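Straight from TrEMBL, the features:
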type: BINDING; residues: R107, K146, 151-157, 181-184, E189, H212, 267-268; note: ATP binding site
type: DOMAIN; residues: 111-297; note: domain 'ATP-grasp'
Amino acid sequence: MQNTPILPPANLGILGGGQLGRMFTVAAKTMGYRVTVLDPDPNAPAAEFANRHLCAPFDDQAALDELAECAAVTTEFENVNADAMRFLARHTRVSPSGDCVAVAQNRIQEKAWIRKAGLQTAPYQAVCKPEDISDASAEFLPGILKTATLGYDGKGQIRVKTLAELQTAFAEHGGVDCVLEKMVDLRGEISVVVCRLNSENVQTFDPAENIHENGILAYSIVPARLSADVQQQAREMARRLADELDYVGVLAVEMFVVGDTHELVVNEIAPRPHNSGHHTIDACAASQFQQQVRIMCGLPPADTRLLSACCMANILGDVWGGDGSEPNWLPLQSDPHSHLHLYGKKAARKGRKMGHFVTLAQDVDTALQNAQRLHTVLKK
Ligand code: ATP
Ligand code: MG
């Protein structure tokens, strides 16, 4: 049963109906599948396109019973209830597996897995109780104290320079499990999206170079401005990690580019399509969402080839007017080389991801410049 390909018009289920669920739904519907989305938000971005929106909490048994009727189920986020995943796995095909999702939920486990795969992380120490902080912790200073679970967009992180600051930061986090990570000599950040059905069927997208503003991803450019060697190494590392986890699905691997030698260090993984892979819709032979559909259906990943240099720019709620008025869409919509994606979210809040656009160009520097220019004029 596990190996029989699932074909249209089968019904596919997804936990979570945010923008990732929305782009998954569009991809699946385009291929002729039906889609059921579970999300407690009545305005969930994916609901507009889904055949069925189960508007209920993620642990609602009646909703999970319905989702279990789907031919296969996937997820758009990692903080999904492990019991819900286990329940679904008893009734239908679930990818990625609950075990793989659990690894990504906890930075302590995640780093242990990365090292087990023979890959580097920043030097780190788990800090779960006050006694874990000792003179030996000085080795990881200056560093960042990150909560082990539930961090995103730089939330749940405190920078510390001394042991005293470390103690205060641990107390500030409320004594929850943390990871103390040594600051590395960051020269850049990249991510690789790997698509894996099994050991014979694996594809990686070209690494994306990520540019953050205020702790939130602002631009991703592809190809990354790194040597071909380093890029190849990044793809191999992502693949090795997916193999080590016997991963089934789409996995994003974030890496730091460290020092003059551009050594690659794995930061974290996301068991799903990733913000830095949104360009794949407009600039690659297949998108990361098409890959998610294919793999959950037991089909091999499609060609990941990059068809054009590009820049993805996030559109945050910040560019809406204080009175809720729309941004200045005309320049962007008039540009023949840019593609707008809006997520249909009702309220534009500061820092909220409302959409993105992808600008294509002959080379990546031009793509970045054009995207920055178009982004600047969004705000009236
Ligand atoms: P996101 O949701 O954007 O992935 P996050 O909350 O999961 O963010 P991290 O990815 O761990 O947090 O870190 C956020 C940013 O902080 C990184 O993108 C990087 O710029 C910086 N950073 C994190 N760890 C280190 C480190 N060890 N050395 C230097 N810079 C770091
Ligand atoms: Mg991160």
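For all residues, glycine too, the Cβ spot is worked out from N, Cα and C.
Automatic, uncurated: that is what TrEMBL annotation is.
Remember, predicted model here, so these are calculated numbers, not experimental data.
Shown on the structure are the features that TrEMBL records.
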residue: R107; record: ATP binding site; DSSP (3 states): helix
residue: Y152; record: ATP binding site; DSSP (3 states): coil
residue: E181; record: ATP binding site; DSSP (3 states): strand
residue: N267; record: ATP binding site; DSSP (3 states): strand
Candidates near ligand 1 among the binding-site residues R107, Y152, E181, V184, N267, judged by a Cβ under 6 angstroms: Y152, E181, V184, N267
Other CB atoms within 10 A, centred on K155 (ATP binding site): 10
Which same-chain residues, if any, lie at least 6 apart from N267 (ATP binding site) yet have Cβ under 8 Å of it: T121, A122, E189, E254, M255, F256
Cβ-Cβ neighbours of V184 (ATP binding site) (radius 10 Å): 19
The domain 'ATP-grasp' (111-297) [mean pLDDT, rounded to integer]: 96
Cβ-based isolation winner (fewest other Cβ atoms within 10 Å) among the binding-site residues R107, Y152, E181: Y152
